[in-house]
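For reference, the structure is listed below as structure tokens.
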Amino acid sequence: MPSVSRAVCVQRASGNNGRRCRDGAAAAGRRSVVAQRARHGKPEVAIRSGSGGSARGGHCSPLRAVAAPIPTTKKRVFHFGKGKSEGNKAMKDLLGGKGANLAEMASIGLSVPPGFTVSTEACQQYQAAGKTLPAGLWEEIVEGLQWVEEYMAARLGDPARPLLLSVRSGAAVSMPGMMDTVLNLGLNDEVAAGLAAKSGDRFAYDSYRRFLDMFGNVVMDIPHALFEEKLEAMKAVKGLHNDTDLTATDLKELVAQYKDVYVEAKGEPFPSDPKKQLQLAVLAVFNSWDSPRAIKYRSINKITGLKGTAVNVQTMVFGNMGNTSGTGVLFTRNPSTGEKKLYGEFLVNAQGEDVVAGIRTPEDLDAMRDHMPEPYEELVENCKILESHYKEMMDIEFTVQENRLWMLQCRTGKRTGKGAVKIAVDMVNEGLVERRTALKMVEPGHLDQLLHPQFENPSGYKDKVIATGLPASPGAAVGQIVFTAEDAEAWHAQGKDVILVRTETSPEDVGGMHAAVGILTARGGMTSHAAVVARGWGKCCVSGCSSVRVNDASKIVVIEDKALHEGEWLSLNGSTGEVIIGKQPLCPPALSGDLETFMSWVDEVRKLKVMANADTPEDATTARQNGAEGIGLCRTEHMFFASDERIKAVRQMIMASSLELRQKALDRLLPYQRSDFEGIFRAMDGLPVTIRLLDPPLHEFLPEGHVEDMVRELCSETGAAQDDVLARVEKLSEVNPMLGFRGCRLGISYPELTEMQARAIFEAAITMTNQGIQVFPEIMVPLVGTPQELGHQVDVIRQIANKVFTDMGKTIGYKVGTMIEIPRAALVADEIAEQAEFFSFGTNDLTQMTFGYSRDDVGKFLPIYLSQGILQHDPFEVLDQRGVGELVKLATERGRKARPNLKVGICGEHGGEPLSVAFFAKAGLDYVSCSPFRVPIARLAAAQVLL
């Protein structure tokens, strides 16, 4: 049994490389805390923060109390322990997810080490006060500390009765690895000596050197590599391979060397006063909120509206006190597959960061059952309690100290798309949740993952498998090797697919991880930083591949006996852990029966229809398979590029010097267009198909290259004289083509162009109708800015319709409408609705023209705008609700005043973006239209807005 001084330090956590931190929290378990204390002595305290930000930049300036804004909530420090807490799981906004769940676990009687949480509002006040602690906060923190000291009968800084703390962050939204944990806070020379007298030299000085490393890196911003160099040098001198082989004498020497690092790196000694350590750690947590990696993580995941991070200060328990101690991470169900079975990893005689950072290779959770049967049984029971209580799949961190189980953290577990759908369906079938609740358990992005490709023939590449690691995040990825996050982002910006190869990842790598199609790491388990982040994003990831040796400096990775350089192709199977040399072919994934069940529940709830943007029969078929209720945008110009003959006919039409020559070229195009429309009508039998007339500027159909080459090619294709072709090309040249001769302006200038397209549509529709296909054509006129423009095109279309109906002896129903993509059209929507039977918002161009941003040039300044908070989102990805959204609402209202039965939808890129879909549903639109593969995402988003 440990003596009182053996700190009950729950060391669960992210260490130096931005790893996910794990720590202990405060609450007595089903066994009373009093009994625990009697048996196991007094735990030490652990401090954690509750945010998702990086923990850089605490620095050494002392805390200064200054006047601060009046807090929204007067109480800013909330303690937990003794089987009851001052907070609960509903207080995530105030306590952060970590703090709220620690309080909840303590309240329901689980074994949680005691501690306190500093609220997110305190962080908000700190930021508002120019990064100065608000008045009175430090005194409140000291009171919280005294409460813990009194309960534990131990004191921070007391060598005889040492209390050690862990400090971590925890915002309302989980952001793995964004803030590193500080463990063993409170150690100095005197406390370490006192701890050694009661718990042994090796344990005390191993804890001390770990604390010096973590505190220096996380709080003082000293590079972890400086400490790592000292450690590796000592092991080399001693001829040792593992950290655990170092003796107590070695560790004492290492402590002295680590303290020298502080002087060398910062010009000042390590702060030995434990309360000063606590002050600086709290500052580091608060400062982590707006660190570059925290900002990037929130930007990537579109996380906005949070107050800040909480700080969790908690009594520590130790998993590194011998073979009856250990630490682990688990999910109550398999996060990759959704299988109802505990899934996790465990390490005997280890601290939490050893699991998540890949410092040691962990064992499967089943190994714990053999090593520690009693704590394992209690853990299994706790998992059942938590899953039943939260009605969710949970991510749990725990430590066993000398056969005593401590629950350190629980939160809703991140999962893959496949796992999310299965868990939701299974929990409904188990009677644990209602269907509507299950719909909220799956994110739209999860469905995106399910639609990612898999390998075409897994058995065909077996001879090319060069290594096998852990299957950390499922799916398949094929890309070119890069070794840094910066290179991954740069190559991705050039349109290249890349595989990010690292020894291990850290939160600094999140930008590159997001840019990569797949991630391969040499170290780290199934719950490492790389694995957790990759699963959350649906990225293929193979981790813990021990045969991988990365040389970042030379940009070479050696796998077994093969040396691969930057830019070489590599394939990853995240479902099996296989690393395959070369570029393996991919195919679309097969969708599960669980997804079909889940999507049927989605469709029972949603009211907004979901259509698809599809230009070919193949696209239309895919869209229908994914649940599209019609085609909301069929772009006719894409059909012109389908063959050389077609594009030559288009160019002849463009180069035509007379109506006769132009009509001749259009007559050649007519059968091509008619055939394409027949295929699409056939694929969408019984569903509406909205066909947009020609929209792009004519110059887009001309050959690329130098003018001389272009003229030579056009002369060859059209037989026209060189001077005539050159004059025509110069006439087509425009200063700003996106605002130039395009859309309905083409159809008005060349009515025969609209006539040809309308004839192709109506002839195809009647032909299909005669074959028993139900056809509902809708013709959409693009780039309308005045009712007169639309009126002109409507007249042309209806005249052709009547001619075709007469010639073919059959009449069919059809609609004529317009795209609303010019701000003026939105403002005069009531007048336009007199001619239009439907509106479809082209939000791509509407965004361009409303902001005055060119999509082709926005990349020059948009990253700056996003990083400085001038814009919260890329407006071409997420609809600008305040500006563009207001035009959408205004046009819808005015249009329906003039035509009450006006059908209104949207066909821009925003049609598949969840936040935008939710807005369109609330705005009263009838449908959204998006790419075929985003149809399930839009369906779910349309349902979730009603929950």
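For all residues, glycine too, the Cβ spot is worked out from N, Cα and C.
Note that this is a predicted model, so its numbers are computed, not measured.
Checking the candidates R606, R624, R635, R759 against Swiss-Prot: the one annotated together with R692, E821, G842, T843, N844, D845 at the substrate site is R635. The secondary structure of R635 (substrate binding site), as reduced to three states from DSSP, is extended strand. Neighbour counts were taken as the number of other C-beta atoms within 10 angstroms of each residue's C-beta; across the binding-site residues T843, N844, the minimum falls on N844.
In three-state terms derived from DSSP, G842 (substrate binding site) belongs to neither a helical nor a strand segment and is classed as coil.
DSSP classifies E821 (substrate binding site) as coil under the three-state reduction.
Here H529 (active site, tele-phosphohistidine intermediate) is positioned 43 angstrom away from R635 (substrate binding site), judged by their C-alpha atoms. Cβ neighbours of G842 (substrate binding site) (same chain, under 8 Å, six or more residues apart in sequence): P782, M819, I820, E821, C907, G908. If you take the Cα of H529 (active site, tele-phosphohistidine intermediate) and the Cα of N844 (substrate binding site), they are about 36 angstrom apart, rounded to a whole number.
The Cβ of E821 (substrate binding site) has 26 other Cβ atoms within 10 Å, all protein chains considered.
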